[in-house]
């Protein structure tokens, strides 16, 4: 079970952790605690105004919302296959539908550097995780070339991400618990 302890904050669940970190670093449309703020809401009430990096326009915010759910659907369908005792029987059907799903993501990204637009948002972290897992599962997948490959490279080149990936703390695997039939060990 993924968990995060950040001072008094204790969280479980991947997306709750992702959103918490995104809010903390102004990468989500929701406000973040303001220094010396009060207990209610925005400026003067404890939170800074919403930061636009979760999507500056309504269209970008909608893109973030749609992609988050699309990626979770892909993640869950992949996990269902990987945890199924009939993994080897289910794998061909999963591989058959994967190109279409990746083509949809490629079209959605288009020529943008990040999925919502010109600025990175929390959903790009989720996209990286899901796409990287697919790249590990099918290393020679042609749909993971082109703009999706560029996205993965751009994400990995972010200063802090790159530094983390070079550190001794980074673990590429395992992705799943040991009960999974794929990528369940270091």
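Cβ atoms here come from the backbone N, Cα and C positions, even for glycine.
Note: TrEMBL annotation is automatic and uncurated.
A quick note: this is a predicted structure, and the numbers were derived from the prediction, not measured.
The domain 'GST N-terminal' annotation in TrEMBL covers 1-29.
According to TrEMBL, the feature domain 'GST C-terminal' maps to 57-175.
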- Helix, strand, coil residue numbers for the domain 'GST N-terminal' (1-29) per DSSP? 11 helix, 8 strand, 10 coil
- Message: Looking only at the domain 'GST C-terminal' (57-175), how are its residues distributed among DSSP helix, strand and coil?
- Response: 87 helix, 0 strand, 32 coil
